[in-house]
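Enquirer: Pulled these features from TrEMBL for this protein:
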{"type": "DOMAIN", "residues": "892-1109", "note": "domain 'Ion transport'"}
{"type": "REPEAT", "residues": "155-189", "note": "repeat 'WD'"}
{"type": "REPEAT", "residues": "239-272", "note": "repeat 'WD'"}
{"type": "REPEAT", "residues": "281-322", "note": "repeat 'WD'"}
{"type": "REPEAT", "residues": "323-355", "note": "repeat 'WD'"}
{"type": "REPEAT", "residues": "445-485", "note": "repeat 'WD'"}
{"type": "REPEAT", "residues": "485-529", "note": "repeat 'WD'"}
{"type": "TRANSMEM", "residues": "882-904", "note": "transmembrane segment"}
{"type": "TRANSMEM", "residues": "916-935", "note": "transmembrane segment"}
{"type": "TRANSMEM", "residues": "975-997", "note": "transmembrane segment"}
{"type": "TRANSMEM", "residues": "1018-1036", "note": "transmembrane segment"}
{"type": "TRANSMEM", "residues": "1074-1096", "note": "transmembrane segment"}
Amino acid sequence: MDELKSPLVRNSVRRDTLNTNSFFNSFIMGQAVKREVRKSRVKVQLSPEQQDLNALQSEASAYILKNSETTISTPFSIVCLEISSDSDVVLFGSSNGNLSRYDLKEAKIIDDIPLNIGQINSIRLDEEHERAIVVGETPIVRVYKLPRFELEFELTGHLMAVNKCEINYEKQLAFTVSDDTTLRMWDLNERSSKGCLMKHTGMSKSLALSGCGKYVFSGGEDCLIRVYDMNLCEEVLNLKSHIGSICSLAVNFDSTLLASGGADNLVIVWSILDFTPMHVFTEHTGIINTLKFTEETNFLVSGSTDSSMRVWDLMKDRREISLNSHMAQVKDLLITPYNESIVSCSEDKSLKIWSFPEFMEECNFKILNNNFNSVIEANGDIVSCGSDHQIRFWSRNSDEAGVIGSTTGIGLKCSMSLDGEKLAIGDDYGNLYIFSKDYTHIKDFQAHKGPIRDMCFISTGELITGGGDSKVLIWDLNTWENKQLRGHQQSIWCIGYCPSHLSENILVSGSSDKTIRIWDILSIQEISVLQVQEQATSLCITNDGRYVISGGINGTVIIWNIAENVEESIFNLHTEMVTGIYVTDDCQTILSASKDRSIHVISLMYRIPVSFMTRKQPILCLTITENCEDIITGEYQMIYIQDNPITSSKTRILGPEDNVQKYLTYMKNILTGNSVPHDITMDKFVVLPYFFNTLHFYTFLGLRDYLNASLIETAPIIPSKNGYHPLYISLLKGLKGIRDDIVDALIAIGTNNPFLFQILENVIIEMNNKSFPKLGNIYEAIYQPAMRRSLPKFCSPDIDFPIVIISCHPRIRPEDFFNSEDISTHGKGILFKESYVRINYTMGSKGSIEFLESLANCTNLNVMRSPLIQAMVAYKWENAKYPMMVQGICFYVYLLILSVYTAFLSEISKVSGDSFWPGFGLFFCNTLLLLYELFQISVSGAFYFTYLWNYIDWSRGIMLYAYIIITWTGEWQDASYSVFSLVIFLSFLRGISYFRLFKLTRYLINLLFQVCKDIQGFLILLVYSTLSFCFLFIVLNRCEETETIKCEPKSFSMYLMTSYNLVLGNFEPEELDIVEYACLTFALMINPIIMLNLLISIIGDTYDRVQSDSLSADMKELMDMIQEVENMMFFRRNSNKLQFFQECTEFEKQDQEASWEGKLRALQSMIEGIESKNYENNQNLLKKVKLQDKLLQIQSEKIEILTKHVFEQEKEKIKEKVSKKISQ
């Protein structure tokens, strides 16, 4: 209770607070590794990527936890609030007459004191915090002594319930208003009434005091705010602007502003200096129950019966922030010092503590009775034209508008030249107005016979206009002459142009004739025509000149491929006309604005909607300032400017502003492990600048059910700012089940939107290394035939196939494959294939080598059967086979010299007695080969030592050097033939590897190695049986010498050879006794018959397996050789450019795989596909049933809550009526 004794000082020194950021970070990091630590009880070693992910996720989670509200549930409805001077304790009075205290530091209720006085309507603490003044549904004003809340005295005078109480601390006066229509003053020192100051004609509901003690304000059901002057001791003024009861009043801390809230749902802010309205806020949809100013008077917070609170910016007039989390009307609120928190109470029996919200950087320019049809940035100013016929400009530092001029008709479009020297405005009469950069009028004239809805300046300084007369005109502003682009049949609605050097000669125009025409500005010729289903109202060209983005009159956004003249992607996001399209300079993001009051953010790269922003009014135009820093929208009677959240580094939530607090509450429950039903609407939100949406959090926390529920509804799978998308997160955290679910969803979505596969770029290598089971399905999905009508179907018969192009563009461009004369309407049929995942295909680059290594490590053989991998390996082999062939030729030259030396030159050297020159040729060849090995070590590093062939090379080379030295020195001649025999063996063994160069022998080489690998167990048994029979024969053939019998001594090796010869069925018949015959018979059955048949069986199984996987084995052998060549191309290590793989082949009806193995694989693949589809359908159905069950459960809970709430209200009403009758 000591905290209540300290004086209530509103501007006290800020108390020390907990480091909430570090607390939240620790909490999230702890949750992330909690399970792993519990299982292993060892230190968790995280990779740099995991550490970075954990850090980003912790920052985003900390922001959510910090800005979401804390809810304290109570068994009763809270009506009023008060806070201690140190801001540590909140007092609240309830509808059942209890007075409770909540400790903000400890986050718990520390007292619940029943006062037994009925509903408590207001609590105030005196300056010393020794007394608490409590008023409620009884007409008595009670003063309690702290800290035990003992009743000190009562003040009587009111006849009905007292609604509000305030204290003048300086004069120790209390003021109260009551249902008896009166405002009364009480002397707390004398414990007496000072009489009735004012009287309303209806119940008095609200009360406020000015800080200087001069004015007392009361509001009542008579719709008046009555002002009592304490100096004059009389009522001096009545303020009337509301059309309903005045339910709440508040005065700011320096007594310059008065805020009033009424039953008419209005919040009005008055100047106390002259009592005139300064602001009128109309956004609430219910009665305003409570109002509070912040200490610096920058903000006003209101609470309403619409169950929401709103925070109003009084200084910069920024959009209000809505706090929607209460389930019933907000009864009261308070703001802690320094705007740290907002505490609110509601009839939903909860107390909520909110972190004070942070406004975005924005500003507004308002002009009544004007629609801003066009707004642009011109030399740092904001220039607009609209329905009031005025051309205005604003400076960023001033709210005052300057007038540039006026238009005869309604201003429709503004445009500024690229050099900033000229300003052009067009109106609905077809008039064109030209001004200089200092807004001096230059010329105006009628340019069209209909409205000029769009115009733009081009890089040559000319102005292009589109009019209602179906003309597109190019104006020379020096000679005032024009050139016409002919083609449209009806009114021009929009024009698109981009000054980038890649697209500066391209112009697009849209008309109500439902066409979009693409023009070459230099030749004044039409390039192509795009037919649209709905009239285009906004157009934009990307900087690279590849795409046109159009917005339609019905709200559709379409991405057009200029090269193919086809629509690539369609987004039905808006419900009304699209009024603005913008593409960021990096061609990654599209912003589309509409009259439906929304701005949608679309990923151009991945072709998925990311999120959207909302406005209060329909958006009539959209402009993005230089460097994408600000978003400017023209609306009804207002220009709205905000910093661009996409490019800003500031942490915030991107999504529908009215539901941001709901999202924060939902995510807080998710992050803290509270069980909440899945809410699909939360997938619309993104935490910036991290670009984390709910799928990132679900994956990070391992919430598979939530993730699947979102994936079923095709929630956006987007990468974060650092490239962490849900699939990447699941791989980093080893979440196999979640990984499989995401891949299934990705493949399903990619069927209609293959551009989404580009998110696989940073995980494809990791998936190869981990031999992901569904990797074959992924490679099948990302490499698709291009069957678009715009692509050629036939070519000249002289063209050789396949043709492979490594392109920067995800879609096929025929000009990359053929010259114009090669394409025909008959001849060879052609089929294009395109991949939608960028991979590094540059031979010798670090990325290419890493990708090949991952494929070589992949044990999923379905990957090798995929058309993309086969085509890619074939393409790389065409470039790598020549260096490998040169290497093979050099080695076989060495073998030829070795063979000649072995067969002839050794004899010649014996005859001549000169051993130097015959050995010099071998020495020279061996030196060259070993120098090549040293070069490989220098460029390959550790990778060199992963191949067995390299060890054989060094063994062969060292032994050959040893042999030559022995030959030249004449020392250790006895060992020379042994060493030379090993040289010959290792040389010819190494020569086997070069048979991999040829397709006919590559398969047999693989079979040979597989057989050697598979017979290891057989060899152990064979050695065991051979040795056992060897020892048996030693015993049975033991010879004892006599005078007549001489025994020839036999060595162990002879017995071993005898036993081994039995394996080959080779033995000499001898006279043997019955035991020896039995042993011999048994040995002949075991070794020659059983063991050799076992060997044949093993080799047969190996042959079948190798034959069925011959394609995979062939791919692996080729990749090994390609990798060897790429390691030598060290000069390309840093050429790490990601590109798309595209192929053109001859079109023919292809048998699935003619061999019986291929048919079996096709059948197996079909069965697996059907099984997978059925399983997926069953799982989706089960998930939907569970989701519906959860939704029904939620609805039933809501109905139960509402029923209880209604019951409580009826109970309170009956109780109130009974108490009134008793009092009467």
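Glycine residues also receive a Cβ, built from the backbone N, Cα and C atoms like all the rest.
Provide an account of the burial state, proximal residues and distances for the features listed.
Expert: Helix, strand and coil counts from DSSP across the repeat 'WD' (155-189) read 0 helix, 20 strand, 15 coil.
Across all of the repeat 'WD' (239-272), the predicted model scores a mean pLDDT of 94.
Residues 10-11, 244-245, 247-254, 256-257, 259-263, 265-269, 328-335, 337-339, 342, 344, 346, 348, 354, 356-357, 359-360, 362-364, 616, 640, 657-658, 660-661 of the same chain sit 6 or more residues outside the repeat 'WD' (281-322) yet have a Cβ under 8 Å from a Cβ within it.
DSSP places the residues of the repeat 'WD' (323-355) in helix, strand and coil in these numbers: 3 helix, 20 strand, 10 coil.
Residue counts for the repeat 'WD' (445-485) by DSSP state, with H, G and I taken as helix and E and B as strand, are 0 helix, 23 strand, 18 coil.
Residues 418, 450-451, 453-456, 458-460, 464-474, 535-545, 548-550, 560, 562, 565, 581 of the same chain, all 6+ positions outside the repeat 'WD' (485-529), place their C-beta atoms under 8 angstroms from a C-beta of that stretch.
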